[in-house]
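What Swiss-Prot annotates here:
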| type | residues | note |
| --- | --- | --- |
| REGION | 39-67 | region 'Disordered' |
| TRANSMEM | 82-102 | transmembrane segment |
| TRANSMEM | 122-142 | transmembrane segment |
| TRANSMEM | 145-165 | transmembrane segment |
| TRANSMEM | 186-206 | transmembrane segment |
| TRANSMEM | 215-235 | transmembrane segment |
| TRANSMEM | 276-296 | transmembrane segment |
| ZN_FING | 341-379 | zinc finger |
| TRANSMEM | 429-449 | transmembrane segment |
| DOMAIN | 456-498 | domain 'CUE' |
| REGION | 504-579 | region 'Disordered' |
| MOD_RES | 516 | phosphoserine |
| MOD_RES | 523 | phosphoserine |
| MOD_RES | 542 | phosphoserine |
| COMPBIAS | 548-563 | compositional bias 'Acidic residues' |
| COMPBIAS | 564-579 | compositional bias 'Basic and acidic residues' |
| REGION | 596-624 | region 'Disordered' |
| REGION | 622-640 | region 'VCP/p97-interacting motif (VIM)' |
């Protein structure tokens with residue numbers, strides 16, 4: 001639990017802290033020297049001093065010859081309840097100076113991530129050890145508090161040094177141009193830390209034996225934890241240095257690294273779990289702040305052990321399936337392929353061949369198959385046995401870590417979940433406390449639940465269409481309604497799952513009913529240009545019809561496209577959105593009907609005005625329109641026959 005208010009507190013610099021600590025130590029030494037050099041000042045003070053100095057008989061014999069000795073001053077400082085904390089602060093200051101010296105010699109300037117890790121590690125350690133001292137041990141005397149503070153000061157020094165070595169090793173291992181001197185300095189520091197852990201074990205056995213078995217168990221667990229962490233980093237470093245000095249590619253490196261991490265992490269988790277169980281049984285297991293903190297840590301450690309074992313089972317299953325199904329590539333296949341591994345971009349002296357024909361390193365392929373069961377290059381689905389069970393277990397592991405599972409090879413996300421499960425078992429604390437569970441589930445499914453807004457879909461569709469202008473907009477939008485992801489829709493386009501029509505099909509699909517009205521005025525216009533004087537009425541009416549139809553096309557086409565973009569698709573999965581789309585469509589149809597009615601009325605009035613003087617008897621506008629269209633059709637047929 002990071003203490004944010006402590007992190008934001010304006011702490012002094014190391015130079016200022018060292019100066020203040022030195023002044024405090026100097027002041028306490030002067031005060032103790034003055035108190036010890038005044039035996040004649042009061043009758044009561046010499047009695048106390050002689051009582052405290054009974055093991056040293058020569059001391060009272062010459063009190064004024066050379067003054068009090070350094071040992072007497074040290075005993076006086078340790079016996080005083082205020083001055084002893086100055087000594088503890090001085091010890092902490094010395095450890096910080098040693099750590100600063102080690103940093104300058106071994107590491108140099110620290111990176112931002114290393115500083116943040118050290119800060120988090122330090123405040124977490126301080127918080128949990130404060131709970132341990134005053135909540136679990138419930139110490140009553142100043143001597144016990146001082147002893148535990150000095151013990152934990154040495155432990156936090158070792159923990160921070162090991163954490164810094166681990167971060168620096170991870171940084172140096174990814175740099176191919178790191179000199180061997182840097183590796184040598186870090187490895188030498190790790191060996192020194194391991195020897196210091198052996199010294200801690202000796203102190204633990206001496207001090208813990210005199211204070212009881214529980215104290216011995218607590219101190220042994222703490223020293224074992226830091227020893228295992230140090231040994232873990234040393235083993236990883238040895239494997240890395242062996243790989244650097246090994247000629248060619250070391251295929252077995254991944255296996256050694258995995259089993260080293262597995263054994264060390266499981267050992268650490270088991271030790272920490274038993275240590276917290278011991279704290280819970282030793283301390284007050286009833287309702288208290290310390291018990292709640294220990295319960296939370298126990299729950300976290302238990303889930304970590306489960307997750308690590310589940311991951312190991314998945315690893316064994318992947319290795320078994322890979323060795324049984326994918327054969328090792330022959331030298332001829334490696335020579336024909338003559339390519340680097342697509343995962344690590346390193347040359348391949350040995351590789352495994354997938355059914356699709358692609359070659360990968362054994363360790364690279366194993367790491368990939370732990371996360372996904374498809375080819376890393378072509379995304380071909382690999383029919384591995386128990387594929388569904390592996391996917392379910394992998395999704396369960398991701399839900400524990402609040403991660404999103406990788407999409408399947410078909411490119412369609414089945415179910416993306418972010419679940420948060422909280423369980424409180426009150427019976428483990430007190431019989432009268434209730435037990436309850438709370439699960440917060442955020443699910444995005446095709447049949448699901450709240451769909452993404454149309455503005456987001458349109459923005460994603462325009463983004464994809466900028467990359468693939470040949471794909472129609474409505475096809476992109478329909479696929480986005482299913483995938484809800486720009487990446488998956490892009491993969492579907494690249495892999496051919498979206499059938500891209502010819503360019504002429506786009507205009508037909510967007511406005512299929514507008515082609516015939518457009519052809520009609522053009523044909524009438526051509527006929528009007530070649531018609532005789534006796535056919536003057538169609539000549540006068542055809543431009544008007546063309547303007548009318550062009551106006552209708554201009555009015556209908558943008559509205560349909562705009563309406564298509566606004567609604568997102570032809571059919572929505574949400575009932576509210578469908579109702580809103582129907583109401584919107586109804587209003588648009590009414591507006592279009594009014595426009596057509598007004599255009600038709602104006603056209604009929606103009607036709608009646610032009611036909612009444614010439615026709616006389618036939619005053620029906622519908623009849624006139626039919627005759628005009630029939631004459632135009634006859635002329636079109638005649639023109640086609642003559643041509």
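Quick reminder: no glycine exception, Cβ is built from N, Cα and C everywhere.
Shown for the domain 'CUE' (456-498): DSSP residue counts in helix, strand and coil, namely 32 helix, 0 strand, 11 coil. If you take every residue in the region 'VCP/p97-interacting motif (VIM)' (622-640) and average the pLDDT, you get 74. Shown for the region 'VCP/p97-interacting motif (VIM)' (622-640): DSSP residue counts in helix, strand and coil, namely 19 helix, 0 strand, 0 coil.
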